[in-house]
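*Asks:* A single structure is presented below for examination.
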Amino acid sequence: MIDGHTKLFGLLAHPAAHSLSPLIHNTSFKVTGINGAYLAFDVPGEGLKASLAAMRAMKIGGFNLSMPLKTDVIPLLDEITPRAERLQAVNTVVNRSGKLIGDSTDGQGFVDALKQQEVNLDGKTVTIFGAGGAGRAIIAAVIDAGAAKINVFKRRNATFMSVKQQLENWSDVVEVIDYDDETAMIQAVDSSQVIANSTNVGMAKNDELPVSQSVIDHFGPQHVVVDVIYFPLTTPFVQAAKEQGSRTYNGIGMLVHQAAGSFLEWTGQKMPVEAVISAVNQEIAARQRP
């Protein structure tokens, strides 16, 4: 029941109407009994500064952001955490008595989702397809989780060398490799225990694979394969890996666990992830129906 004591939280995004974040957080408030409410605010980039001023004035407890606001917000905040500093991206902000502190929970969401499935990344070799925002967040968190080797495949475009230098400077365990080097990709897969697709190939009605079938043929029961995409629930990548006998997971775990990081910072309580994952699965299944 919303009353005069209800604490407000929200999402700043453009567009915002499609977001699952209100479902995730409002389910969490309901299950935990916390007197909170979460709304999605459609905020284009030029409205970000005014939105933050309003958040301070209305004492909103915290909020999430989507790209490109994740980077645009940084100079407008009072402080950011070391992991947000490393990524130069903020997906969650907590309002501590008018002081806005930015953090990035995306990568930790990936690690925590695997932990929930009893997959420990310490000492493992991990191969990641893509080095965009999601990929970089995952790479940073996998480094912190103690991975022994991280193979990152990125398109050889204008940003290849600068991104390669940046990511390899994060840790000696990271190697950034040309996405088109199929021989290297197969060798990386053969040596890996965990494989992740962080590209958007396979999203919505895109039925393509992010890698060739020749690479997929090297997947097997020894692999844990994750796609950060969660719509559709079973992407072509997940389906192909499943057919090779791999343990497969879609992006719902990462989605919910990154939200759990925000929820913990805002409320001091753990998110009821099982109940939330169930609600999200039902909602996405409903959206997938013709």
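Every residue gets a Cβ built from N, Cα and C, even glycine.
Automated prediction, rather than curation, is the source of TrEMBL annotations.
For 11-93, the entry in TrEMBL reads domain 'Shikimate dehydrogenase substrate binding N-terminal'. Taken from TrEMBL, the feature shikimate binding site covers Ser19, Leu20, Ser21, Ser66, Asn91, Asp106, Tyr230, Gln258. Feature annotation from TrEMBL assigns active site, proton acceptor to Lys70. The NADP(+) binding site feature in TrEMBL is assigned to Gly130, Ala131, Gly132, Gly133, Ala134, Val228, Gly251. Sequence annotations record features per position, and here TrEMBL assigns domain 'SDH C-terminal' to 251-280.
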*Asks:* Could you list the residues of the same chain, at least six apart in sequence, whose Cβ is under 8 A from the Cβ of Ser19 (shikimate binding site)?
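*Replies:* Once residues fewer than 6 apart are set aside, Ser19 (shikimate binding site) is near Leu11, Ala13, Ala40, Ser66.
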*Asks:* Run through the Cβ atoms and count how many others sit within 10 Å of the one on Gly130 (NADP(+) binding site).
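*Replies:* So the Cβ neighbour count for Gly130 (NADP(+) binding site) comes to 23.
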*Asks:* By a Cβ-Cβ criterion of under 8 Å, what residues six or more beyond either terminus of the domain 'SDH C-terminal' (251-280) are in contact with it?
*Replies:* 9, 20-21, 23-25, 27-28, 31-32, 34, 36, 61-62, 64, 91-92, 94, 103, 105-106, 108-110, 112-114, 116-117, 226-230, 233
*Asks:* With an 8 Å cut-off on Cβ distance to the Ser19, Leu20, Ser21, Ser66, Asn91, Asp106, Tyr230, Gln258 Cβ center, who else from the chain surrounds the shikimate site?
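*Replies:* Other same-chain residues with Cβ inside the cutoff are Leu11, Ile24, Asn64, Leu255, Ala259.
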*Asks:* On the Cα atoms of Gly130, Ala131, Gly132, Gly133, Ala134, Val228, Gly251, which are listed as binding NADP(+), what is the maximum pairwise distance in Å?
*Replies:* 16
*Asks:* Within a 10 Å radius of its Cβ, which of these binding-site residues (Leu20, Ala131, Ala134) has the fewest neighbouring Cβ atoms?
*Replies:* Leu20
*Asks:* Which whole number of Å gives the largest C-alpha distance between any two of Ser19, Leu20, Ser21, Ser66, Asn91, Asp106, Tyr230, Gln258, the residues noted as binding shikimate?
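*Replies:* Of all Cα pairs among the recorded shikimate binders, the widest measures 18 Å.
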*Asks:* What does the structure give for the C-alpha distance between Gln258 (shikimate binding site) and Val228 (NADP(+) binding site)? Integer Å is fine.
*Replies:* 12
*Asks:* Where among the binding-site residues Gly132, Gly133, Gly251 do you find the Cβ with the fewest other Cβ atoms within 10 Å?
*Replies:* Gly132
*Asks:* Which state, by DSSP, holds Leu20 (shikimate binding site): helix, strand or coil?
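*Replies:* SS state of Leu20 (shikimate binding site) = coil.
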*Asks:* Look up Gly132 (NADP(+) binding site) in the DSSP assignment and report helix, strand or coil.
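*Replies:* In three-state terms, Gly132 (NADP(+) binding site) counts as coil.
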*Asks:* So what pLDDT does the domain 'SDH C-terminal' (251-280) average out to?
*Replies:* 98
*Asks:* Under DSSP, is Gln258 (shikimate binding site) helix, strand or coil?
*Replies:* helix
*Asks:* Quick one: DSSP breakdown of the domain 'SDH C-terminal' (251-280) into helix, strand and coil?
*Replies:* 24 helix, 0 strand, 6 coil
